[in-house]
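Structure, as structure tokens:
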């Protein structure tokens, strides 16, 4: 344990991350698995971002939000995965105090950014299905850019608030975090100063930044479902469901794991459960999102085919 002594008070300069509960004989196998998952996440999200930039057919509000979501997923996974992979190969899996605060900030920032972008995408689908004739008027370029900028500003405020509140806490002798990253709840248990302000702010802000966006998404899809059921043709119903299917899958993955982690009752093996559930939304969800959008989205498939065909024509010339 590395400590600094100031006025007879022990101050932590680094934390030890216990990591994942993996037996030593399986360590290399899981290292290879997580490395493959991380590379898939990076490659998949980069492909979607590049396709949206290169193909003019994808320069629409929906794909503006999707490109930002892909960037958010890529960065969100990158906040924890490289450090996890490094610590799996290290004899002393540690993280500096400043590095821990930085990880908290970016974890909250990109996690919240994905959350708000899912809300904007739900609103986009609501307008597209419920007001198709007025879609281009309502979802103007100015409104779309404003929604993206607002998402970035709100997440900056939220992440900075929690990081500054965490920085004011004192950490004494115990510096072992039973997790693979600097989780806020785990750090609060290690603090030797009063954490009541942090806990109250977390409760209030989570209610606003997680529950409220989730409620907006639910309301949007209730209206969408009501509008779909009024469509007389089966072709119209199929088109509406195919348009929303990808987004609904991503919403279910994101909120299902987060709600399962933070709202389910704790048990004796809550540490193991928290770690596994955290892996779901920090590793699995960012990896699956590009697959969901590419496999279930004709526009993405079409953009990929157009770019490959253009590349083939250029090579032939």
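Quick reminder: no glycine exception, Cβ is built from N, Cα and C everywhere.
For reference, TrEMBL has these:
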- 29-54: transmembrane segment (TRANSMEM)
- 44-293: domain 'G-protein coupled receptors family 1 profile' (DOMAIN)
- 101-123: transmembrane segment (TRANSMEM)
- 143-161: transmembrane segment (TRANSMEM)
- 200-225: transmembrane segment (TRANSMEM)
- 237-263: transmembrane segment (TRANSMEM)
- 275-295: transmembrane segment (TRANSMEM)
- Query: Restricting to the same chain and to residues at least six past its boundaries, which positions have a Cβ under 8 Å from a Cβ of the transmembrane segment (101-123)?
  - Reply: 62, 65-66, 68-69, 72-73, 75-76, 79-80, 83, 95, 147-148, 150-152, 154-156, 158-160, 162-163, 166-167, 181-182, 184, 187, 209-210, 213, 216-217, 220-221, 247, 250-251, 254
- Item | Mean predicted confidence [pLDDT] for the domain 'G-protein coupled receptors family 1 profile' (44-293) | 85
